[in-house]
Amino acid sequence: MSFDLKNDISKKIHFIGIGGVSMSGLAEILLERGFKVSGSDMNGSPMIDKLKEHGAEIYLGHNEKNINNVDIVVYTAAIPEDNPELIYARKNNISLMTRAEFLGSLMKGHKYNIAISGTHGKTTTTSMVSHIALTEDVDPTILVGGNLDIINGNVLAGKSDYFITEACEYKASFLEFYPYIGVILNIDADHLDYYKNIDDIENTFAKFVNLIPKEGYLIANADDKRVARVASNATCNVVSFGIDNGDIRAKNISFNESGFSSFDVYKSSELLFNIELNVPGKHNILNALSAIASALTLKISHKSIIDGLKSFKGTHRRFEIKGVKNGITVIDDYAHHPTEIKATLDAAKNYPHNKIYCVFQPHTYSRTLSLFDDFSNSFSGVDELVLADIYAAREKDTGVVSSLKLSEAINKNGVKSSNLHSFEDIVNYFKSKLNDGDILLTVGAGDVFKIGEMFLSK
């Protein structure tokens, strides 16, 4: 099944789970372009309210009666097979498409698709590329995994041939895409509930590269051995980036007192320009280099690259300063993989502080178990760590792994750590601990951000 953005305008599209970040974004793009849209979700949300305002039919709860004169039903991997709307659509031969298939079909209607992949950094890099494209005024369509202030949300329905989106490797969903420019930021072990091992993940990224046409471009991190290996077999044009290696490199790097970097950008031996970032950490230099390489490939002006990156001050839940209370700075970050946690902590160490106190909420039992040893070594430099209980997401607790067990392992590695079960207990614990100049850092992909909000409101 495919969907034609230009010729299927008369079709009505129904989204099961319309309240999700990506699904609501897809629905909004369709509504902006004049399609009839309906959708269901278990709970209301600001995103759903926004879709209602744009004319979507919204149903709370899942019921076969919600499928009303629908031509295509779109669903995510999170929707179980016994969902009544999914069952009804199958029984009545209504066209079904996964979220990834549908997004791929939307991309097919554009010429310059920029698909940003990698285990870490997708949302930030997609946001950086978006800032540059908007500064250049190319009127792109944008679909990003976090809220971006410049577009007042996570989606923008542009009218040009430019389409900028994240390309997630989970369940190989990005193999449904049509990239003209494919970015690979890094390849790391994750989603081991789906993939056999890291080699399996690397092979899937190689398949993603094969989707790029010969006249298209792969933007590849030359400092990542697995990315470099995948890039060496590409049949399209390849532009590499990195700090130590690559066609596009950062030199003369310096950090200010807030941990924000400035650096010179070189193309081979040629100095192009100087960049000033307003997001912290060495990892964001690599993210910026990939955005710069993408923009140069599209012949976007140097001025728009410089100004676009300077105007980017982060997305929600990516080293987001939530507030300051009694001299204590509360910072929240979506990091849920050991590599991401280390990068976030490096950024925190470069931020002005006395002590760093951290709350980590592990995300899914399968990830916590498969990366247990890596997690136990990820919190070096934290003055004290509290683990909230594991955020289950789509999984069930088998009793094999727990936050308590992880906390004990972290203690053995020399970082003071404990496990508290309720958010209220965690907030009260830190209320008695923190002093002027300290940082409270909440980390995880679940709802751990609420702890910081509770701390600031008490």
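Cβ atoms are placed via backbone N, Cα and C, with glycine included.
Small disclaimer: the values here were computed from a predicted structure and weren't measured.
Database features, via Swiss-Prot:
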type: BINDING; residues: Gly118, Thr119, His120, Gly121, Lys122, Thr123, Thr124; note: ATP binding site
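Locations of recorded Swiss-Prot features on the structure.
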residue: Gly118; record: ATP binding site; Cβ contacts under 8 Å, 6 or more apart: Thr125, Val183, Ile184, Leu185, Asn186, Ile187, Asn221, Val227
residue: Thr119; record: ATP binding site; Cβ contacts under 8 Å, 6 or more apart: Glu169, Leu185, Asn186, Ile187, Asp188, Ala189, Asp190, Ile201, His337, Thr339
residue: His120; record: ATP binding site; Cβ contacts under 8 Å, 6 or more apart: Leu185, Asn186, Asp188, His283, His337, Thr339, Glu340, Ala343
residue: Gly121; record: ATP binding site; Cβ contacts under 8 Å, 6 or more apart: Leu185, Asn186, His283, Leu286, Asn287
residue: Lys122; record: ATP binding site; Cβ contacts under 8 Å, 6 or more apart: Ile116, Gly145, Glu166, Ala167, Cys168, Leu185
residue: Thr123; record: ATP binding site; Cβ contacts under 8 Å, 6 or more apart: Val144, Gly145, Gly146, Glu166, Thr315, Arg318, Tyr334
residue: Thr124; record: ATP binding site; Cβ contacts under 8 Å, 6 or more apart: Val279, Asn284, Asn287, Gly314, Thr315, Arg318
* Excluding Gly118, Thr119, His120, Gly121, Lys122, Thr123, Thr124, please set out which residues of the same chain place their CB within 8 Å of the center of the CB atoms of the ATP site, keeping sequence order. => Ile116, Thr125, Glu166, Leu185, Asn186, Asn287
